[in-house]
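*Asks:* Got these off TrEMBL a minute ago, pasting:
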DISULFID  132-149  disulfide bond
DISULFID  151-160  disulfide bond
DOMAIN    123-161  domain 'EGF-like'
DOMAIN    163-203  domain 'EGF-like'
DOMAIN    215-391  domain 'TLDc'
């Protein structure tokens, strides 16, 4: 063994130099997955003390020593030792507990913490200045007195100082029907108009064809309507809606509605009266031959938007035996006994009306009576009506 050189430094630095033959060094890996090594053939190290700190990792050995020099000497003599914890206070016989560690604070930053009873000593490296930015990890290269920054997700560069634009690079996970917006260290996915979802998955409910909903905050109100429909769909993941009647373009006659939509399956009706948007859903197909009141267990009516500031609401029927739709050839899609009644050629007359609380639960603040909740007045002439039927691909 060569000569021991010991020299104290200010700011709690000191150098221990020992010349030994290194023949049995166990493999220790750093955060890159590479073997952590130092000073092949010649064992020496320069340590920096971090007062009242502790690196909480499994040690490679411990002993009681008289001072920090002896603990440092023990670490330097073992090639797989890269740091050590030393008791801050002597025990009753004047000794300090020395814990030798197989890694360092840079490769285990999440386990480095303040302590009331220990000091931590680490082999000095350029990582001591914490050069890696934006939560990057500094991996020391002891033999070259260098380091490598392992950047957190969303950053790159020698010091992780460059934000990655995942959107322009195409490394994002946004759906094809979503916009990708770059943010610092990450990105944000937002579904395009007429699609809904979390941005990484954006689906069309096929209600994107709705001329009425497209004039509103589409994603907001489509999301609300979808939440109303979700419990009653034939298949939550695969059901789509196809428009069978658009009064403005197909004609306002009740007969046109029935010719286009009868027998198609479950339907959702969307009614516009100026700024008011409301309607209903029935899981029973329309028939209209000649007139019938039909009961079913999944139907409901709803209000999405109105100028009076009422919040969107879904209203279910009060009694299972009550009729959920008024299915008549002389009427458009009408719900309940009298809850929502749509006359034929409704745009040209004032014979359509709403009657709260007849078959379906009354809206908040209303009772069983004529009410302006849905359309702004008891009787109304619709601006537009659409009916979509549910189908599976």
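Just so you know, glycine gets a Cβ as well, placed from its N, Cα and C.
As the structure is a computational prediction, the values presented were derived from the model and not from experiment.
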*Asks:* Sequence gap of 6 or more, Cβ distance under 8 Å: name the residues on the same chain that satisfy this around residue 151 (disulfide bond), in order along the sequence.
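*Replies:* When sequence neighbours closer than 6 are ignored, residue 151 (disulfide bond) has 132, 134, 136, 157, 160 within Cβ distance under 8 Å.
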*Asks:* Under 8 Å between C-beta atoms and at least six residues away from its ends: which parts of the chain pack against the domain 'EGF-like' (163-203)?
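*Replies:* Residues 134, 152-156, 214, 218-219, 222-223, 226 contact the domain 'EGF-like' (163-203) from elsewhere in the chain.
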*Asks:* Below 8 Å Cβ to Cβ and six or more residues apart, same chain only. Which residues does that give for residue 149 (disulfide bond)?
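*Replies:* In sequence order, the residues whose Cβ lies under 8 Å from that of residue 149 (disulfide bond) (at least 6 apart) are 131, 132, 133, 136, 137, 138, 139, 157, 158, 159, 160.
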*Asks:* What are the DSSP helix/strand/coil residue counts across the domain 'EGF-like' (163-203)?
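*Replies:* Breakdown, helix to coil: 4 helix, 17 strand, 20 coil.
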*Asks:* With helix taken as DSSP H, G or I, strand as E or B and everything else coil, how many residues of the domain 'EGF-like' (123-161) land in each class?
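*Replies:* Its residues fall into 7 helix, 13 strand, 19 coil.
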*Asks:* Report, as a single number, how many Cβ atoms besides its own are within 10 Å of the Cβ of residue 132 (disulfide bond).
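*Replies:* By my count, 24.
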*Asks:* Averaged over the domain 'EGF-like' (123-161), what pLDDT does the predicted model reach?
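*Replies:* That region's mean pLDDT is 89.
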*Asks:* Counting every protein chain present, what is the number of Cβ atoms, excluding its own, within 10 Å of the Cβ of residue 160 (disulfide bond)?
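*Replies:* The answer is 22.
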